[in-house]
Structures are given as C-alpha cells and as structure tokens.
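Peer 1: Pulled these features from Swiss-Prot for this protein:
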type     : residues                                               : note
ACT_SITE : GLU140                                                 : active site, proton acceptor
ACT_SITE : CYS383                                                 : active site, S-methylcysteine intermediate
BINDING  : CYS160, CYS164, CYS167                                 : [4Fe-4S] cluster binding site
BINDING  : GLY211, GLU212, SER243, SER265, LEU266, ASN267, ASN340 : S-adenosyl-L-methionine binding site
DISULFID : CYS153-CYS383                                          : disulfide bond
DOMAIN   : 146-378                                                : domain 'Radical SAM core'
REGION   : 1-24                                                   : region 'Disordered'
Amino acid sequence: MRVPEIPEETASPLRAGDPPAQVAGHPLIRRSARVPRWRARLADHDAASLAELLRRAGGTASAARAVSGKVVRHAFGAEPGAPAPAWDARALAALGVGAWAHEALLALDPAPSLEIAERAPAQDDTLRLVLRAGDGALIESVLIPGPARTTLCVSSQVGCARACSFCETGRLGLERQLAAGEIVDQVRIARALAAERGGAPLRNLVFMGMGEPFDNLGEVLKAIRLLTDPRAFRFAPSHVTVSTVGVADKIEPFFRDARAELAVSLNAPDDARRQAIMPVNARFSMAALKEAIARALPPGRRVLFEYVLFDRFNDAPEDADLLAAYVAGLRCRVNVIPCNPGPDPALRPPSAARLDAFVARLSGHGVTTLVRRPRGRDVGGACGQLAGMARLRQPEPA
C-alpha cells in the first residue's frame, strides 16, 4: 500500500484552576504570562480594534471604520518585497484620512517589532528562524518550502506551560504571551524571506510553533483577523490552521470567532497513555474533547487530528483500531507524524514497517490518513523541537 504524504508543517492566560505543574525543577509559568500591555504598534490592531481606537480619538463610528480600512490596506496590503509604505501626515492625507485621525495613527509604529537573531537552513531547504522581541524574548518560526506554496509554522507564546513530554518547548515553561503584532510580524518577516529566496510564495500558516494558541486565544484571533483580511495580508482562511493540545472549553469560542481551521494534537488512543505524555488530559479527557468538537464543529468543516507515533507506545495495530473508534462520527482526517528526537529518550520513532502497518490499519477503517514526514530535523526545526530560547539565552559578554 502506498502511504500518502504531506510535508511537515511545524497552527488568554491559563485559567486560575490549572495546576502549576513543574518541569526540570522550575515552574512552568516562569514570568508574567500576560500579553505585553503596549499597543503602540500598528500590527497589534486588526481593522476592528483600529476602528475602535479611532472612534475614541473623536471619529464617528462610520468614519472610524472607513479610515481603518484605508489604513490596513495601505500598511499591510503591499506585495511581499515591496518597499515599506510611507507613514506620516502627508501619506495619511493622500489616503484621504482627515487630520482628526492623524495623531492617533501616527502614534502607532508600523515597523515590525521583531528582528532576526538566527537563521538555520536545513538540508531540505527548511529555514528555522529565531526572532528577538524588544524585551529580549526569543521566538521561533519555521519556513517550510513546498512545490506549490510555502508554509510558515507560527509561534503564539514565548515558551509553553502545557509540558507535553515529547516537546522541547514544553520544557522551557511559559515566559509570556505574544501580542497580536508579534504573531503578525513573524509572518511579515517570513513572507519577505520567502520572496527573497524565490520558490513558491508563502500562502499557508500553521500555528504549530512555540506555545499553546488556545492559552493566548484573544491575541491569536486578532492576528488571524488581520492576516486573513482581504485588504491586508489576504491569507485564505482555509490555509490557516491552529493546533491545540485539546483545551476543550476553547473549541466553541474558536469556531465562533476564528477564520481558520482546527487541528487537535491527540497522540494516544486512550486516556491513560495520553495523560502520561500530555498533562492537559487530566483536565480535559478524550471523551470531553470529542464532545466539544462534535458540538462546535460547523457544518461542512473538518477537524484535523495530529497523532505523533512513538515506537511500541501508541503504534500497534490495536492502537489504530482504538483511534478509528475514537474519531468515528466526526468529520475529520488524521495526520500521522513519526516522532522527532525530543526531551524524553524513551519516546522514539517507530520503524518504517510499524509506521506503514499502523497507517494501513487506520486507513482500512475508512479514516482519511496522511503521513507527515519530518522537515528541518537537522536544525532543530521539526515538530516538537522548537527550543531556540534555550539555545540562545546565553550571558552577554561584559
């Protein structure tokens, strides 16, 4: 049997009741987990929040909406590689923006808030990026070229508090949330790099980088609204995927508000094994997760289940049977991902024979199944390997 393949695509504060789990001797939430409270950058605003800012500056609701649309198109609507648009009173006047709005708009910095700290090209042409924020926080993104389109793996937090045992980011703890503009700026930087490198344009975004997107859902949704705005970045909502470890109580708000697809990281066929590698399962069982998906999944939409395969842990034919039974009744597909080297040496990738047997068994149940092959593994850019903060957080020379 020929196994279908796709390239690897590496899509709000924690609630007070979440346990302060520990990893490697330190609390998972190491500093303030809040979003930075600055809103002085233009990319921190989608059209709606920009209109609200302008309304508070004295404009009528209709005038504020009209101006915000013009500004979004001017600031973010240019093709990749085009010069940065002018941002001064003359440029605003040329757009037809009245003087009443100039002060509020010109207080917003249109430049990206991130800078490239490291570029790590892989042998397969994947590019791992480490980006530095204004406060020194380090964020990783991964640019994954393909024949028809390039994919960017986007981060939503600095670190992560969810502590999945196969994920390097989970060992770092949660340092802080990313602001919407910092999420957007990952895309701005990557889109320019993709144009510079040639090849297929950046058209696909997956929130599968550092962090749990549902733990920063407000900023993630705001960023997605700007990224999918036809006046701005123009990403198709069907080409934006947000991956969650399974924070079940955020699934309904996500489907209500997001212009994006949903991926759920499952990784085990039963609660006992899932909880052994994913602490979130202690709060949201697999049954609760399935119920939340079934209740919220809009008509005509599908959910993507991600299933990282570990040798002799979750890769037996009987495990495929259990997984097929679990996803039965849901409009879905399953991405099977051979695990990459990570923090737990006991979790190893399966042999090719066990991988093929698992996929054949799952497909035999009528489950749409794809295999996601590793990309960027040699530079630490594959699924579960993003830990650039630890690599680069070195004392600065005196």
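For all residues, glycine too, the Cβ spot is worked out from N, Cα and C.
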Peer 1: Could you state the whole-number distance in Å separating the C-alpha atoms of LEU266 (S-adenosyl-L-methionine binding site) and CYS164 ([4Fe-4S] cluster binding site)?
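Peer 2: Taking the Cα atoms only, LEU266 (S-adenosyl-L-methionine binding site) lies 11 Å from CYS164 ([4Fe-4S] cluster binding site).
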Peer 1: Spatially speaking, which of the recorded positions GLU140, CYS153, CYS160, CYS164, CYS167 is closest to GLU212 (S-adenosyl-L-methionine binding site)? Use C-alpha to C-alpha, please.
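Peer 2: In terms of Cα distance, GLU212 (S-adenosyl-L-methionine binding site) lies closest to CYS160.
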Peer 1: Applying a 10 Å Cβ distance cut-off over all chains shown, what neighbour count does CYS153 (disulfide bond) have?
Peer 2: 32
Peer 1: Tell me, in order along the sequence, which recorded positions from GLU140, CYS153, CYS160, CYS164, CYS167 have their CA within 10 Å of ASN340 (S-adenosyl-L-methionine binding site).
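Peer 2: Matched recorded positions: CYS167, sequence order.
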Peer 1: Out of the recorded positions GLU140, CYS153, CYS160, CYS164, CYS167, give me the one sitting nearest to GLY211 (S-adenosyl-L-methionine binding site) by CA distance.
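Peer 2: Its closest listed neighbour, by Cα, is CYS160.
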Peer 1: Looking at the recorded positions GLU140, CYS153, CYS160, CYS167, whose Cα is closest in space to that of SER265 (S-adenosyl-L-methionine binding site)?
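Peer 2: For SER265 (S-adenosyl-L-methionine binding site), the spatially nearest of the recorded positions is CYS167.
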Peer 1: Let's check the environment of CYS160 ([4Fe-4S] cluster binding site): how many other CB atoms sit within 10 Å of its CB?
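Peer 2: A 10 Å sphere around the Cβ of CYS160 ([4Fe-4S] cluster binding site) contains 27 other Cβ atoms.
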Peer 1: Compute the C-alpha separation of ASN267 (S-adenosyl-L-methionine binding site) from GLU140 (active site, proton acceptor), stating it in Å without decimals.
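Peer 2: Per the Cα atoms, ASN267 (S-adenosyl-L-methionine binding site) and GLU140 (active site, proton acceptor) stand 23 Å apart.
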